[in-house]
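Student: Okay, handing you the structure first.
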Amino acid sequence: MTGRPHPRRLALISVHTSPLAQPGTGDAGGLNVYVWQTATRLARRGVEVEIFTRATSSADEPSVQAAPGVTVKHVPAGPFDGLDKRDLPAQLCAFSANVLRAEAAHEPGYYDLIHSHYWLSGQVGWLARDRWGVPLVHTAHTLAAVKNASLAVGDTAEPMLRVIGEQQVVDEADRLIVNTPTEASELVDLYGADASRVDVVVPGADLDRYSPGSKLAARGALGLDADDVLVTFVGRIQPLKAPDVLLRAIAPLIHADTTGRLRLLVVGGPSGNGLGLPDTLIGLAAELGVADRVTFLPPQPADRLAQVYRASDLVSVPSYSESFGLVAVEAQACGTPVLAADVGGLGVAVADGVTGRLVAGHDIETWTGHLADLLADPDRLRAMGTAAGIHAQKFSWDHTTDALLESYDRAVAAHRRAAGRSTGIFGLRRLRPRTRITV
Ligand code: UDP
């Protein structure tokens, strides 16, 4: 800790998705959970948090008191409906103008710090930072250059527009926050980030909500059969998450299963730019002759999702690319082992051979082999589940929030030092020119 007071009032920018949206479908996923969990904890530590997100419904109130100390500001920028995430760059001017106007309605110096999430928000934060003369902390969450290096079959590459936009934000932000040391290296190697401005802040799980519990009770609550062997996928249904790989891998085991008890559970809705799934997945299950052994559930609220994890014998996260993989930590926190692709943050989230297995590549036969291996040994699976529950205790949003505050403090301290250098002895001069917008 720096010993200095933390920022008083934080402008948190999340342009493309609201923390109030149900995660697991559309553009709502881990970022929304991250923003909500850290914002509420920052507020409990005395930081007033205002979250700026794009209004996507005429019913959105301009300002919503979402939790004590957390306000969500719905910013008008483009039409409410039908605007694809890929069209959002054209709305950044409107979004930024309205964020600047909101600040201008307050006394000068209203916000101490800006934290932007995802590159679109970083673009807004960059402008606001220059206007307000406060530091900008940025979390990319995913990087186009990393995603493009491991695209799923049928997935479209992230456009150059995004790579350029990300690069600008990396160059401009006062501090950059990443989920893992690997991501820190990617920022430095692929985007030329200054390593001394990068902080590794590991995400968490809501350990009060995601905790071990009775498998039988969870299955009862969800209407699932007590005797089934249940492998589960949770997440937005999109090529990047590879639910099709899991389905293809488990199909031969379902065919070979003489007890008729092996079942795949798929929880989540289509992603903004998904395959048109789950329709495609349902079609694939039929094509593979396993439709009657695959259950699809729409996106679930967190309390029911905890029951899903507890009800499962194994949770699988086969993604092609994953900045961290909150699902893997949440499942383990519920005492369920995880079979995950050895990509991105999943290598941190899952302890290979202890709390689950990490699989290199996406070869279907290899995945079938790992599934068969784990499912053949229920005692080992149970032991891995117990170890998973213990391992997951390392990941809590409280730790994440503490580390965020340290990063914020560093950003503020560096900003003050720089301001001091440019101030001279005769008075206060702003580090950057500031033009106030009159409403
Ligand atoms: N999630 C949810 N309900 C669902 C499916 C997912 O609340 O039906 C949440 C899940 O709890 C997790 C987040 O969505 O916190 C997904 O985060 P993850 O990092 O696994 O993937 P991302 O969406 O960031 O790619």
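Including glycine, each Cβ sits where the backbone N, Cα and C put it.
Source: prediction; values computed, not measured.
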Student: According to TrEMBL, Q22, P23, G30, R236, K241, Q300, E330 bind UDP-N-acetyl-alpha-D-glucosamine; which of E287, E322 is also listed for that site?
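Tutor: Of the residues offered, the record points to E322.
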Student: TrEMBL has H16, D27, A28, G29, G30, L31, N32, K85, Y118, R162 down as binding 1D-myo-inositol 3-phosphate; which of T142, T182, T232 does it also list for that site?
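Tutor: Given H16, D27, A28, G29, G30, L31, N32, K85, Y118, R162 bind 1D-myo-inositol 3-phosphate in TrEMBL, the matching entry from T142, T182, T232 is T142.
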Student: If I go by TrEMBL, which of T295, T336 binds Mg(2+) at the same site as Y309, R310, S312?
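Tutor: Record source TrEMBL; matching candidate: T336.
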Student: Using an 8 Å cut-off from the Cβ centroid of Y309, R310, S312, T336, can you name the remaining same-chain residues around the Mg(2+) site, in sequence order?
Tutor: K215, A218, T232, A306, Q307, V308, A311, V315, A331, C334, G335
Student: What whole-number distance in angstrom separates the two most remote CA atoms of the 1D-myo-inositol 3-phosphate-binding residues H16, D27, A28, G29, G30, L31, N32, K85, Y118, T142, R162?
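Tutor: About 20 Å separates the two most distant Cα atoms.
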Student: Need the DSSP three-state call for A28 (1D-myo-inositol 3-phosphate binding site) to compare against my parser.
Tutor: strand
Student: Enumerate same-chain residues with a sequence separation of six or more from R162 (1D-myo-inositol 3-phosphate binding site) and a Cβ-Cβ distance below 8 A; give 'none' if the list is empty.
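Tutor: Listed in sequence order, they are W119, A144.
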Student: Could you round the CA separation between E322 (UDP-N-acetyl-alpha-D-glucosamine binding site) and G30 (1D-myo-inositol 3-phosphate binding site) to a whole angstrom and send it over?
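Tutor: Per the Cα atoms, E322 (UDP-N-acetyl-alpha-D-glucosamine binding site) and G30 (1D-myo-inositol 3-phosphate binding site) stand 10 Å apart.
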Student: P23, G30, Y118, R162: which of these binding-site residues put a Cβ within less than 6 Å of any ligand 1 atom?
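Tutor: Those binding-site residues that pass the cut-off, since their Cβ is under 6 Å from ligand 1, are P23, G30.
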Student: Considering only the binding-site residues P23, A28, G30, E330, which residue has the minimal Cα-Cα separation from S312 (Mg(2+) binding site)?
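Tutor: Going through P23, A28, G30, E330 one by one, the closest to S312 (Mg(2+) binding site) is E330.
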